[in-house]
Structure formats: structure tokens, C-alpha cells
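Copied over from TrEMBL, here are the features:
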type: SIGNAL; residues: 1-23; note: signal peptide
type: DOMAIN; residues: 105-236; note: domain 'Glutamine amidotransferase'
type: ACT_SITE; residues: 111; note: active site, nucleophile
type: ACT_SITE; residues: 224; note: active site
type: ACT_SITE; residues: 224; note: active site, proton donor
Ligand SMILES: *[C@@H]1O[C@H](CO)[C@@H](O)[C@H](O)[C@H]1NC(C)=O
Ligand SMILES: *[C@@H]1O[C@H](CO)[C@@H](O)[C@H](O)[C@H]1NC(C)=O
């Protein structure tokens, strides 16, 4: 916790498609998503204290499944060759955020979103500002409706967009963020991303809550779309039908992007690497963060 990275960027990065955006016009209906593991057990050591242990909250896996895809875990401390092999089997990557620095950088060097985040973390630690948005349900404000065109929000019913801006339908859990002003003042950031939504923290300070890359299929949220359907440990997590619809729209969008990936991984190799080769552990009694976790050690 002392060094910045651990909670520096609690972004949920949805990095659809490793680099390629257009290419094959044929839609692929068997998409596979890589999810990067996090150091630790997701329960502050109460389940597994091992120093090489890492985990994936099962809610992220179910989020991907809800969109019609399967998951291969990208275990952060595996040998690079294994990770590269697994990357060749996926159509998109879900990067669940948190400890950015410890994810092996070279694997994602092709991915501009991750390069950018890494650049921020490593070279411009001051880009992030403090916000009070730990365990807080919030609204999403839409500063520019034109920017929603072609984005994840395009598939939202206008009523739901309206409700998002007035009701607290999304779950936040972060201490840092970037204000619109800070992003506008940073050429690298503002030319790469467009702002889709902002949110107020507990003190009414406004931070960017959803961005999309201008030229790449990369969507980043500061909030946690997976929690509304799959996590129950904290009382402020919204579970209303509207909140669930937000999550479902988001999952469908993310996987629709992955369906455009030209990668057609061999079925047997996919089976060998699927997360179904592991059993999740019920953690809801030991930790409020996750109902179920996949552990890797
Ligand atoms: C992990 O370490 C802490 C502190 O030493 C201890 O209280 C806890 O029981 C350990 N957890 C497990 C699963 O061994
Ligand atoms: C709103 O978004 C559109 C489309 O991305 C962009 O062309 C326009 O410059 C934006 N307007 C403002 C005020 O940022």
C-alpha cells in the first residue's frame, strides 16, 4: 500500500482485441477473453497467504460469460512464454485494475491503452488526483451526448441513460481518479481518450468515470460493471433491475467488440487453458469484496 501502484489506478480496463480493430468483417461467435490475475487472494490473506498467489474475482468471469464468451486466466507471474501462448488464444483482455505495475509490461506493449496507463504510472505519477469514492454507488453524468455515438452507451435505451444520470446505479470503489480538467490539460491523454461519463465523489468533486479510446476498441471504467449482478458483500452495491441492465449492456458491448477479433484459436488449446480447469473458492464469508474467487498459486 505504501507504493503508489497498489491503489493508484483502480480502473477496470476493457481492452478488447489485442491491437487489431477492424480486419476480419466476419463476426466470431466463440470469443475467448483473457483476464489478468491480481497478486494476493482477494481477501487480505485470509484464504491464502502464499507470496506467489494471485486471484480473479469470479464476478469478472461471470461478467464475461454473461456476454457470451469464455475465460482464460492470464496468471500475472507465469513465465512470459505461457502468457504469450495464452494471449494467442484470446479475442480480448479484461484487465481488472488495481496493481498496474506488477502486470508484466512486455505482454501488453502492443496495447496502447495499457502502455498509456503504464506510462502514467511510471513516468507521471502526478497525473492522478485523490477522490473520495470508496464503496460508493454513484450516478454517471454525460457531459457530451455526441461522444456516446458508437460507444458502449449507444446500445442503452435513452430512459436508462436518463436514469443513470439521476440514480446511483453504478458501484465505485477508488481513492484516485482523473478530473476532466486534468485530462484536458494532458495532451497524451486527451488525444488518446474521449470522455464518455463523469461522476461526483462523496464531496461532489467530479472525476472521469468512463473513457473510450478514440481509435482503438478500448473502454475503461472507473466503476465496476460486474458488481451489480454478481457481488453481494457490500450493502451499497446497486442490484436493481436498472443496475443489472447497465451491467448486461456493458457485458454485451465488450463481447461484441471481441467478436470482431480476427483470432480463431484452436478449440483444444482453448479447452486446455479455460478457467474451468480451476475451481472457484467461496470467499463471501471471509471477505466482503468477492463472493467467489479463483485462486492461482
Ligand atoms: C495469513 O496471515 C495472517 C497474519 O499472519 C494470519 O492471521 C492468517 O490466519 C493467515 N491466513 C491463512 C489462510 O493462513
Ligand atoms: C462532443 O463529442 C463530439 C464527438 O466525439 C466531438 O466532435 C465534440 O468536439 C465534442 N464536444 C465537446 C464540447 O467536447
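The count begins at 1 with the first shown residue.
Glycine is treated like the rest: Cβ placed from N, Cα and C.
Annotations in TrEMBL come from automatic prediction, not curation.
Its own atom aside, the Cβ of residue 224 (active site) has 24 Cβ atoms within 10 angstroms in the protein chains shown. Following the DSSP three-state reduction, the secondary structure of residue 224 (active site) is coil.
In terms of DSSP secondary structure, the domain 'Glutamine amidotransferase' (105-236) contains 52 helix, 40 strand, 40 coil.
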